[in-house]
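Have a look at the structure below, then the notes.
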């Protein structure tokens, strides 16, 4: 769950994943 499992969020926040 969270940003890292959300593709749209993940591409905008690569540093936290």
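Note: Cβ is positioned from N, Cα and C throughout, glycine not excepted.
Features reported for this protein in Swiss-Prot:
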- 3-9: disulfide bond (DISULFID)
- 4-17: disulfide bond (DISULFID)
- 17: cysteine amide (MOD_RES)
DSSP-derived structure type at residue 9 (disulfide bond), helix or strand or else coil:
helix
Cα-Cα, whole number of Å: residue 3 (disulfide bond) versus residue 17 (disulfide bond)?
8
Have a look around residue 17 (disulfide bond) and count the other CB atoms within 10 A of its CB, chains all included.
12
Take the C-alpha atoms of residue 17 (disulfide bond) and residue 9 (disulfide bond) and report the distance between them in angstrom, rounded.
10
